[in-house]
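Enquirer: The structure's right below; bear with me while I get my questions together.
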Amino acid sequence: MKHYEVEILDAKTREKLCFLDKVEPQATIAETKNLFTKTHPQWYPARQSLRLDPKGKSLKDEDVLQKLPVGTTATLYFRDLGKYARLLFIYLLFYFRVPFIYGHKYDFTSSWHTVVHLACICHSFHYIKRLLETLFVHRFSHSFSAWMAYYVNHPLYTPPTYGAQQVKLALAIFVICQLGNFSIHMALRDLQPKTRKIPCPTKNPFTWLFLLVSCPNYTYEVGSWIGFAIMTQCLPVALFSLVGFTQMTIWAKGKQRSYLKEFRDYPPLRMPIIPFLL
């Protein structure tokens, strides 16, 4: 029986992290993660996302090596899921106003403003969803997230100019875009890895954005952060949204170029991320 060789690369840098020799063909991804942990103890299995493509879907723990579309020398790409938990934890440190951040008189105090609590719920939901989905990773810096959290949860923070109406509108935008983002991920999941097809809308109305853009998941992602920025009316959040939009536009353009090369009948009206514009 011929054994497999498994090469594990960093999905971001393509740096070789590990080379596993003589892996059983019947080995599962869970067993592969355990072998990887032996060489990198800091990345225990629950923190690992292994995938066939750097930007692709995470493989399931029960997936078997010999049933994957790879040769006897398999290349897997690794992403660290722990950073999502860190981003969530950093924000909550500011939300709960732990000591030495805002001054002793504010230690473990709570904001009077409803929008601050809603912002925390939205931010936490976003990153918890990221941890659960582990489908796509957006690489925003830890320092940027901390900077944003510092101002939103500051004791001197003032609520939005138009009060509850502005907050409700922004919250609606955030929730709709989060539902849309999740719907797109589910639609993309159903396409892979069976066959290579042009992503198309389903019966779910949230997926109809596929008619106009190539990467509606990025469109909804940007929309979520715009809603969060309107809700909090905080400059760091707006800058965070702008940085995210810039990066996701680059990714969307790259994805559309690959679609155009792969599919001759690709819909000509689709834009990368913003309908009719960009």
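For all residues, glycine too, the Cβ spot is worked out from N, Cα and C.
Because the structure is a prediction, the values reported are computed rather than measured.
Straight from TrEMBL, here's the annotation block:
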DOMAIN    5-80  domain 'TECR-like N-terminal'
DOMAIN    147-278  domain '3-oxo-5-alpha-steroid 4-dehydrogenase C-terminal'
TRANSMEM  84-104  transmembrane segment
TRANSMEM  140-157  transmembrane segment
TRANSMEM  169-188  transmembrane segment
TRANSMEM  225-251  transmembrane segment
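Walk me through the surroundings of each of these features.
Expert: Confidence across the domain 'TECR-like N-terminal' (5-80), taken as the mean pLDDT and rounded to a whole number, stands at 86.
If one looks beyond the transmembrane segment (169-188) by at least 6 residues along the same chain, the residues whose Cβ comes under 8 Å of a Cβ in the stretch are 57, 118, 122, 125-126, 129, 133, 135-136, 160, 199, 201-202, 204, 206-207, 209-210, 216-217, 219-221, 223-224, 226-231.
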Enquirer: Just to be sure I understand, if DSSP states are collapsed into helix, strand and coil, how many residues of the domain '3-oxo-5-alpha-steroid 4-dehydrogenase C-terminal' (147-278) fall in each?
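Expert: DSSP composition of the domain '3-oxo-5-alpha-steroid 4-dehydrogenase C-terminal' (147-278): 87 helix, 2 strand, 43 coil.
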